[in-house]
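Here is the structure we will look at.
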Amino acid sequence: MARPSCSIGVGVMVVLVLVALAGGSSAQLSASFYSYSCPGVLDVVKGGMQSAIAQEKRIGASIVRLFFHDCFVQGCDASLLLDDTPSFQGEKTATPNNGSVRGFEVIDAIKSAVETICPAVVSCADILAIAARDSVAILGGPSWDVKLGRRDSRTASFSGANNNIPPPTSGLANLTSFFAAQGLSQTDMVALSGSHTIGQARCTNFRAHIYNETNIDGGFAMMRQSGCPSTSGSGDSNLAPLDLQTPTVFENNYYKNLVVQKGLLHSDQELFNGGATDSLVQTYISSQSTFFADFVTGMIKMGDISPLTGSNGEIRTNCRRVN
């Protein structure tokens, strides 16, 4: 009778190990993941981002946004990079992404350069994670060691893209819930929203805020109305900077705008509107170093969302399609 009990014990241990591995995939990520298999990858990605930002500073913000929109749908698996085909629906045409996400060509170019030195080794998901970090650092923000070892998905989720990404009309409670669903705290949410210190937004995403809402500086609203017609369908893609002061420099001016009611999006101004996050906005105004530290923490946590590791997924050779 001893043998069966022994085999049962071993079986339980195997199950427990498998459960631990399945639940702790982010623990398999490591900043040194490519130290031997592709030691030049960090330099290649950084060079690619330096070149891209030299041509258009806005692209840095676009790459950070790509990373955010990727990680919030199926985790950080490069599913957003997959093109639609007659037999495959990707995420690019979902409402939060359609006509809005950009920077795919930059990732393509970096991936091609990485493939030249390390064929079929570095995932598109990791390239995007590194590129997002480099974008922030190049534009004046903090840097950090990016955890690596993600693999690329063979699937995408159109419905996930429509349902998981917080729209610019979100209130504070909804924003908090969207981030909590990804394991991110309210502090993470406020800090990560600080990425709006760089980049541009389309008129369609801030029209209601500048015409219909009262928690906005009157002069600022009029200025933005001059470039964003009130009629839906007219000027929808006209752009305005998310940070009124320095839209191509990564610092804490975004929060300074909020306390004088000059947040461009409804969701921006919700962070300072008499609610629970007002004090944190004030903290980030008085201490840029605290903002940077919390932003880095948030980016690392976001990069840990449901990565594919081990034998899951694949290493795409072309980020736009599965192998």
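From the backbone N, Cα and C atoms, a Cβ is placed for every residue, glycine too.
TrEMBL entries are annotated by machine, without manual review.
Between C319 and the candidates C76, C118, C124, TrEMBL records a disulfide bond only with C124. A disulfide bond in TrEMBL ties C118 to one cysteine from C38, C71, C203, and that cysteine is C38.
Other Cβ atoms within 10 Å of the Cβ of T246 (Ca(2+) 2 binding site) number 15 in total over all chains. Within 8 Å of the centroid of the Cβ atoms of D70, V73, G75, D77, S79, E91, where the record puts Ca(2+) 1, the same chain has further Cβ atoms from H69, C71, F72, Q74, C76, A78, L80, S153, A156, S157, G160, A161. The shortest Cα-Cα distance between G75 (Ca(2+) 1 binding site) and any of the disulfide-bonded residues C118, C124, C203, C319 is the one to C124. Distance between Cα atoms for D70 (Ca(2+) 1 binding site) and C203 (disulfide bond): 23 Å, as a whole number. Packing around S79 (Ca(2+) 1 binding site) is summarised by its Cβ count: 26 other Cβ atoms lie within 10 angstroms of its Cβ, all protein chains included.
Take the CB of H69 (active site, proton acceptor) and look out to 10 A: across all protein chains shown you find 21 other CB atoms. In sequence order, L242, D243, Y254, L264, L265, D268 are the residues near H196 (heme b binding site), counting only same-chain partners six or more apart with C-beta under 8 A.
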